[in-house]
Amino acid sequence: MVKAVCVLRGDAKVGGTVTFEQESESAPTTITYDLTGNDPNAERGFHIHTFGDNTNGCTSAGPHFNPHGKTHGAPTDAARHVGDLGNVKTDAQGNAKGSIQDSQVKLIGPHSVIGRTVVVHAGTDDLGKGGNEESLKTGNAGPRPACGVIGVAN
């Protein structure tokens, strides 16, 4: 079992933690999130970005992690970036808690997400269905109020 954790911080009030667990390279990864400070009753883009570099805030994290050169999509789409985790839904207080299983996100192997950055976006991810070029790259999810580097956990 490999475990990883990400502490999300930013220049806004958005923050939280994301944990990752994977039994073996062929097993799906369980991603559990606990986020606070978002807009109430909203859907916010949730992605893994390529670089673990936050020197200039969340913009230094680069584009979505996409080792297979695909277009942006929903987590259930065949054509998607590895880093496309869709949206998190917030409650009336702007908090989001949940867990997802993802077979493309890996902690083990050549395309591990350890050392990369999780970003919570200020807008809703259109899941690549926005009908424009930016939709196929970013899902038009907007600015990056919070992010954090994924690190190995005990």
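Placement of Cβ uses the backbone N, Cα and C atoms for every residue, glycine included.
The Cu cation binding site annotation in Swiss-Prot covers HIS47, HIS49, HIS64, HIS121. Taking the Cβ of HIS47 (Cu cation binding site) as reference, residues of its chain lying under 8 Å away and at least six apart in sequence are, in sequence order, HIS64, PHE65, HIS81, GLY83, ASP84, LEU85, VAL118, VAL119, HIS121, ASP125, ALA141.
Per Swiss-Prot, disulfide bond is recorded for CYS58-CYS147. Take the CB of CYS58 (disulfide bond) and look out to 10 A: across all protein chains shown you find 24 other CB atoms.
The feature Zn(2+) binding site is assigned by Swiss-Prot to HIS64, HIS72, HIS81, ASP84, with similarity to another entry given as support. In the three-state DSSP scheme, HIS72 (Zn(2+) binding site) falls into the coil class.
Marked as region 'Disordered' by Swiss-Prot: 125-144.
Positions annotated as compositional bias 'Basic and acidic residues' by Swiss-Prot: 125-136.
If you draw a 10 Å sphere around the CB of ARG144 (substrate binding site), it holds 24 other CB atoms from the protein chains shown. Per Swiss-Prot, the feature substrate binding site maps to ARG144; the stated evidence is similarity to another entry.
Shown for the compositional bias 'Basic and acidic residues' (125-136): DSSP residue counts in helix, strand and coil, namely 2 helix, 0 strand, 10 coil. Minimal Cβ crowding within 10 Å, among the binding-site residues HIS64, HIS81, is found at HIS64. Within 8 A of the CB centroid of the Cu cation site residues HIS47, HIS49, HIS64, HIS121, the other residues of that chain are GLY45, PHE46, ILE48, ALA61, PRO63, PHE65, GLY83, ASP84, VAL119, THR138, ALA141, ARG144. The Zn(2+) site, placed at the center of the C-beta atoms of HIS64, HIS72, HIS81, ASP84, has further neighbours from the same chain whose C-beta lies within 8 angstroms: HIS47, PHE65, ASN66, LYS70, THR71, GLY73, ARG80, VAL82, GLY83, GLY128, LYS137, THR138, GLY139.
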